[in-house]
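Here's the structure, in structure tokens; my notes come after.
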Amino acid sequence: MATKFVAVLLSLLCFDGILSAIAYESIPANLNSDFYNDLRQLLKLSASLHSKSANEKRNDIIKDTTAAQSSYLVPQEVENWPETNLNLGQVSGVAVNTNEEPVIFHRGDRVWDINTFDYQNNYAERELGPISTHTVLTLDPKNGRVIKKWGKNLFYMPHGITIDHHDNMWITDVALHQAFKFRPGKDAPDLVFGVRFEPGIDDYHLCKPTSVSVASTGEIFIADGYCNSRILKFNALGRLMRTIPSDNTGCLSLAVPHHTALIESLDRICVADRENKRVVCPSSELRTNKQSSTQALTIQTPDMGRIFGIAAVGEIIYAVNGPSSFDMPVQGFTISVENETVIGVWGQKKFSNPHAIAASSATNSLYVVEIGPNKVWKFKLFSARINMSGNPGPSRMHPDDSGFEKWCTDLLEDEDCVISDEDEDPDFIIESEHDSDSEMSAGEEGDENLDTGPGGAQTQENFYYGRQKLQKDKTKW
């Protein structure tokens with residue numbers, strides 16, 4: 001009987017029109033082997049696909065036809081934020097809670113210097129005891145004032161902080177060689193990874209862990225860290241599932257994975273691979289229990305430097321680098337992960353020693369924290385779009401920190417670049433328009449930040465940046 005039923009199901013898979021009329025719930029519940037479960041999942045997926053409305057299908061077509069158009073958000077500093085001096089120690093971590101409030105993690109009176117650890121990575125200042133001041137501060141996103149304090153007498157050398165979808169707080173302490181999960185309002189950890197004050201490389205030890213990312217499925221990724229240069233993936237109960245890199249991750253190797261960010265829509269766990277001076281995004285394997293041989297996506301440019309912090313907004317990564325011995329500029333980067341491309345730089349002449357970054361997608365805000373200046377920065381994200389039809393890759397945009405009008409003038413390199421209010425579109429638009437038939441040879445002088453299309457022809461490009469419209473009409477750049 002079961003064999004005949006399976007044969008009928010397989011034949012139905014060949015006919016989309018007939019399949020759409022079959023309810024997957026009608027399959028007998030006692031067919032519970034892996035094979036039959038796979039069939040149920042296939043039928044359920046097919047039924048879902050066939051139930052798409054006409055509007056959904058039309059939207060899919062629109063998405064396909066606009067695939068060449070790159071959209072992302074451009075950071076602009078919020079000046080005079082925070083409004084008061086927070087009297088911070090070294091600020092090592094930042095996260096955003098479900099109320100869209102920034103939460104920072106600082107070291108109080110502790111400083112990580114040459115005397116902090118011995119040559120075996122043991123913490124050398126245990127006699128100082130835990131930090132006696134509150135190390136976790138929740139800030140008002142409007143003015144930066146402290147609205148909540150927590151964490152005194154718990155930590156020795158704070159490093160990373162993450163807040164998940166349920167407001168659980170995930171913290172790493174490099175002195176303790178541990179990572180913790182704290183439920184909201186609790187001082188005792190719910191989960192502990194690693195052994196207190198014991199560095200190690202086996203499945204039960206960590207060594208100076210740096211960062212935690214938590215998936216919507218509850219799976220946990222711990223960056224471990226300064227000594228072991230690996231990512232450990234655990235299930236929601238804390239059972240080890242996978243180590244990155246592994247035999248299936250090809251030639252991937254990490255050198256101080258300093259921060260992580262999940263992009264679940266791409267099934268990627270992105271890593272600030274600090275000493276390799278890149279962002280690398282292997283498969284997170286959230287969609288399968290089997291280890292994937294998918295090649296890691298890699299973003300690396302000559303001016304990237306040592307990447308300290310990354311944050312995801314949709315499928316875009318915002319990253320900050322830190323000081324390096326090669327005199328590279330300390331700045332932020334906007335990265336298209338799927339295209340493996342840096343599409344923007346920002347924060348030039350602002351940062352000196354950034355250490356971590358967090359994003360609030362709901363409020364279009366970025367927060368960057370620094371060690372040394374012991375400072376917190378806030379940036380607002382404004383809409384930007386570049387029509388990339390016919391171009392080899394996204395253009396890089398450099399918004400000027402001193403003001404929008406100067407940013408526009410620098411970008412388009414022309415005194416005719418002006419701001420006007422003639423556009424009534426609710427989106428603030430920067431638009432540069434020119435005849436797509438005008439020719440421009442590759443050797444001619446033009447804006448170095450704008451890409452030319454095949455054969456040197458400059459294709460039409462639109463720059464979107466908020467609520468006003470800015471135009472430049474010229475047949476040749």
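The backbone N, Cα and C atoms fix where each Cβ goes, glycine too.
Of the residues Arg274, Arg278, Arg287, TrEMBL puts just one in the protein site with Arg107, Tyr226: Arg274. All protein chains included, His159 (Zn(2+) binding site) registers 28 other Cβ atoms within 10 Å of its own Cβ. Between the CA atoms of Arg274 (protein binding site) and Val94 (Ca(2+) binding site) there is a gap of 18 Å, rounded to the nearest whole number. Mapped onto three states, the DSSP output places His258 (Zn(2+) binding site) in strand.
In the predicted structure, the repeat 'NHL' (198-237) carries a mean pLDDT of 97. Broken down with DSSP, the repeat 'NHL' (198-237) shows 0 helix, 19 strand, 21 coil.
In the three-state DSSP reading, Arg107 (protein binding site) counts as coil. The shortest Cα-Cα distance from Tyr226 (protein binding site) to any of the binding-site residues (Val94, His159, His258, His355) is found for His258.
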